[in-house]
Amino acid sequence: MEFIPAQTYYNRRYQPRPWTQRPTIQVIRPKPRRRRPAGQLAQLISAVSRLALRTVPQKPRRTRKIKKQKQVKQEQQSTTNQKKKAPKQKQTQKKKRPGRRERMCMKIENDCIFEVRHEGKVTGYACLVGDKVMKPAHVKGTIDNADLAKLAFKRSSKYDLECAQIPVHMKSDASKFTHEKPEGYYNWHHGAVQYSGGRFTIPTGAGKPGDSGRPIFDNKGRVVAIVLGGANEGTRTALSVVTWNKDIVTKITPEGSVEWSLALPVMCLLANTTFPCSQPPCAPCCYEKKPEETLRMLEDNVMQPGYYQLLDSALACSQRRQKRNARENFNVYKVTRPYLAHCPDCGEGHSCHSPIALERIRSEATDGTLKIQVSLQIGIKTDDSHDWTKLRYMDSHTPVDADRSGLFVRTSAPCTITGTMGHFILARCPKGETLTVGFVDSRRISHTCMHPFRHEPPLIGREKFHSRPQHGKELPCSTYVHTTAATAEEIEVHMPPDTPDYTLMTQQAGNVKITVDGQTVRYKCKCDGSNEGLITADKVINNCKVDQCHTAVTNHKKWQYNSPLTPRNSEQGDRKGKIHIPFPLVNTTCRVPKARNPTVTYGKNRVTLLLHPDHPTLLSYRAMGRIPDYHEEWITNKKEISITVPAEGLEVTWGNNDPYKYWPQLSTNGTAHGHPHEIILYYYELYPTTTIAVLAAASIVITSLVGLSLGMCICARRRCITPYELTPGATIPFLLGVLCCARTAKAASYYEAATYLWNEQQPLFWLQLLIPLSAAIVVCNCLKLLPCCCKTLTFLAVMSIGARTVTAYEHATVIPNTVGVPCKTLVSRPGYSPMVLEMELQSVTLEPALSLDYITCEYKTITPSPYVKCCGTAECKAKNLPDYNCKVFTGVYPFMWGGAYCFCDAENTQLSEAHVEKSESCKTEFASAYRAHTASVSAKLRVFYQGNNITVSAYANGDHAVTVEDAKFVIGPLSSAWSPFDNKIVVYKGEVYNMDYPPFGAGRPGQFGDIQSRTPDSKDVYANTQLILQRPAAGAIHVPYSQAPSGFKYWLKEKGASLQHTAPFGCQIATNPVRAVNCAVGNIPVSIDIPDAAFTRVTDAPSITDMSCEVASCTHSSDFGGAAVIKYTASKKGKCAVHSVTNAVTIREPNVDVKGTAQLQIAFSTALASAEFKVQICSTLVHCSATCHPPKDHIVNYPSPHTTLGVQDISTTAMSWVQKITGGVGLVVAIAALILIIVLCVSFSRH
């Protein structure tokens, strides 16, 4: 059905033109006349009578005008009524005459959609699309078709959809679907649907609950989406739909979407009769008319899911229509009342029954706000009306009003009250050891209640500040929302016990008079037999005394908080109600300050930070290698800290600032191309240990060789002069004496010979001194002429660009697992021009498989009001509650009166109960305990292939293939199966901790896991908090107990630094899902499948000749700090791949354009001080030689584009000096050896 979308005006934005009265002709009907006799005679008689009785016309009387005005007014009133009825008529008209789009959809829907019914009501729709029957999963009920109702549906919670195969005989009724969704207008049951920006929207009011499952059609009648719900956004409503994208099902869910299945009425119970909770048809359904019966009905349905609907209906039963405002939130308090409860310290060091008793102090909010529950009620007056400026408290058994301005809270100093409603106060307080709440009553008397409570505002972030900054950083935190609307949090209430009041009794002679003062009074007297009852009028008891009677006021028209500080109503037992409470705890963001940036000074492999904290600020740092060596320190004053920067890098976090990262460079003060002392200084600053070891070894070797030479010379000398010394009167020849430094004529000392030469022959004296100098000159000249006896030794092990040459269609290479470092590989095939592939890791994610064991959080201890059994013994009953404890205590209260208000002669007992539940904060403040299993690794890789930069994502498992243009890449698996996560991890608010937590069901008191639950919302709770009930003190109603502190709170204080700060290899830890990002560990193999069409034949590529390379400048260990100029001659214009055949050199350019005779400049990076490398352009190689100098910057904030795995190489200059020294020492040894050999040969020949 093709049609052109027409402009329609249903659901238009503009209101219809206002109705105006049109000018009409007033028709006045004549009065009814009497019937006249027929015939001409009768007509003649009437005509004569008219002529005879004719009078002069007169002006109309005023009465006629008044009647006319009245008539006009009546017409105006009828017109006004028509105006009021006009919109209703128009709406009914609109429903009767649907627009073109609606008529179009109705025709298609007649065949392809079916109603889903539940208990006779339509809750949604099912649609026949393609070969499937589709129904929203949230729609409850059965399809209104016998064949479709029998089908077995498959449920998908991800898409909120249920699907089944269409019966064969119904396939012709199904609609087609399409994934083509150009922006524009589409059709559905209620008119037009606009599709723009990937969202479907309709005018607000066009859709409603019950429309879930309706299809959206295009102009050809094809289904483009199925409606699930909607989100009201003002004038427009965004639809939540299931749609298709290239045959893939997707779900579009705008924020705030509500499911549009028809809500089913929730049923409540009264006297074995069910009724809708929102519409109670019973007699006691209005609290204002029958309060006691209404509360009884609510207590009977307290566990029903529609309890709060019933409560709202019972409170809003008045026929008067009320506006919805903040007063409605206080409406529930009309069924409750304040109360008196026991306070341990009423301000004067003694306990009392206080009207402002403290029930509970909550401090879960991480922004430091306290939520305090007290026994009085704020914002409600005694007449149950709402007034922000008032509060009501219990004075004896009567509520009394007071001004809210007299309310105060303090710890070590006055607190700031930020919100109040009902029993609850929000306050921001300074740290302290106690908390006091008080107010001034209507008689100007101050009432206070003090509790021991250690309050220390929690730390948000990494700086201990005192006030919110104007500018800073937003961090996640939790706070109590300042809203009085109904929330998910609730408290239990019950009927209050009878309140004793002995002032109602007066002694009159021998009788007791009970004055009720309009109240219901329960009395019991022990005189002349048992005399007890319930009265509402004054009563006189004869022959009795006041001491023999007990009176108590009974009020069952209002509930009271189920407090452990007040007794339970013995008649009601466990009956109770519940009401919502304000100020829920929610997650939000808090602005925190950012510390001043430190003054950074770079040194050789060190960074010095000058810190200026405005308040105590945390400084932490870690190495980004295998051993993180994490340190942290609180800085309170100006301080200078020097930190060593390892080769793998350093991460420093200062306050709430983002982490600073530093990497060292191979900088030094010496040079590898200077004199020996400069060379030694160069290598000493780079590798001090290695340099010292090499110098020590060389010194030992040289000293040994020199010593050996001297030893051989001494041996030769001894061999030469010994025969002459043994012959009497022998004279040593002159030449031998000169060579062996021996006396020729007589055995004189060197001093005597020198004296003799100085006195007799001074020329010979000077010649004797010149002999060693000439020998040194000869040795130096020999060293100069000594040819190079050894080649340059390099000790560099650099892995930067793995250039592997292959001759196959398939190519494999290995790239380092370092993000941001480009890696190249050269692919060579016979007959084809070489191809260069450049790959760069942009991110590597390691995601473990997790299984949730449980969540743990703070617990709260529930202590219901104690049950006091007067004149008898109570019994405990078993209850399936977490950490439930129940004990019965005897001999607690006196037989007469006492704190339990008993009036009997037998023993009284108290039944105390307590159990543990998850705190209200568990929905936002909890830690999740996971088991971590095998991790999957995924990589985001940038590939330069065929002149295009393409980014792909793939699993690094060695199996998952991704396509880049026409090539297939298989990445992984990693060379190192390493993970920063242990087998057990804990996740708390975006932070991950390795922790060996206790298993489910084995928690220990006061430690992590003392309370456990499967999810934050689940009802199954395990607890072990060492809860022990204790004997109550006589004279006061209370439930004392002993309990271990919260293990969750203790863990929060002692948990230490998270993996975000302590993980090795520079891992960045993230959550949702839990993963480790960019861990620089190991290597990643890459297998590439390249088709033949991607290669260029040699005949088609340019031929390069006459190539020469000249390095203009070179700074080693820097980011492409070298520049080389290559001159060439190309046979034709084209594009050639550029690659360094030497692994130790990285070239930035993957390919260049060549033409004719020209030159090109390339940038390269190397860690060599003397770089000898070959550059391949197309198929031609050229040799380049570079003399590189160290970088000037000691520290940089980016990783090096190459990775060194050993010591630096030895420069050509250094090798030249090594050759000279080695040659010189070797020459001396050789000469000495030659002399010794000659001497030995001559000596042996003589003998």
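The backbone N, Cα and C atoms fix where each Cβ goes, and this holds for glycine too.
A quick note: this is a predicted structure, and the numbers were derived from the prediction, not measured.
Between CYS1114 and the candidates CYS922, CYS1188, CYS1241, Swiss-Prot records a disulfide bond only with CYS1188.
When the ranges 143-153, 836-846, 1067-1077 are checked against Swiss-Prot, the one recorded as motif 'Nuclear export signal' is 143-153. Among the ranges 694-711, 784-801, 892-909, the stretch that Swiss-Prot annotates as region 'E1 fusion peptide loop' is 892-909.
Least crowded of the disulfide-bonded residues (CYS112, CYS127, CYS352, CYS590, CYS876), judged by neighbouring Cβ atoms within 10 Å of its own Cβ: CYS876.
The Cβ neighbour count for CYS720 (disulfide bond), using a 10 Å radius and every protein chain shown, is 20.
Around the Cβ of CYS1067 (disulfide bond), 25 further Cβ atoms fall within 10 Å across all displayed protein chains. Same-chain residues at least 6 positions away in sequence with a Cβ under 8 Å from that of CYS343 (disulfide bond) are, in sequence order, SER351, CYS352, HIS353, SER354, ILE356, ALA357, LEU358, CYS449, MET450.
A Cα-Cα distance of 62 Å separates CYS876 (disulfide bond) from CYS112 (disulfide bond). When other Cβ atoms within 10 Å of the Cβ of CYS346 (disulfide bond) are tallied across all protein chains shown, the result is 19. For the disulfide-bonded residues given as CYS285, CYS286, CYS317, CYS1178, the lowest number of other CB atoms within 10 Å of the residue's CB is seen at CYS317. Looking only at the recorded positions CYS477, CYS871, CYS886, CYS1114, CYS1241, the densest Cβ neighbourhood within 10 Å occurs at CYS1114.
Same-chain residues at least 6 positions away in sequence with a Cβ under 8 Å from that of CYS1079 (disulfide bond) are, in sequence order, ASN817, VAL844, LEU846, TRP978, PRO980, ALA1063, PRO1064, PHE1065, GLY1066, CYS1067.
Comparing C-alpha positions, CYS285 (disulfide bond) sits nearest to CYS886 among the recorded positions CYS127, CYS477, CYS720, CYS886, CYS1241. Of the listed disulfide-bonded residues CYS904, CYS1136, CYS1188, the Cβ environment within 10 Å is emptiest of other Cβ atoms at CYS904.
Cβ neighbour count for CYS449 (disulfide bond): 25 (other Cβ atoms within 10 Å of its Cβ, all protein chains included).
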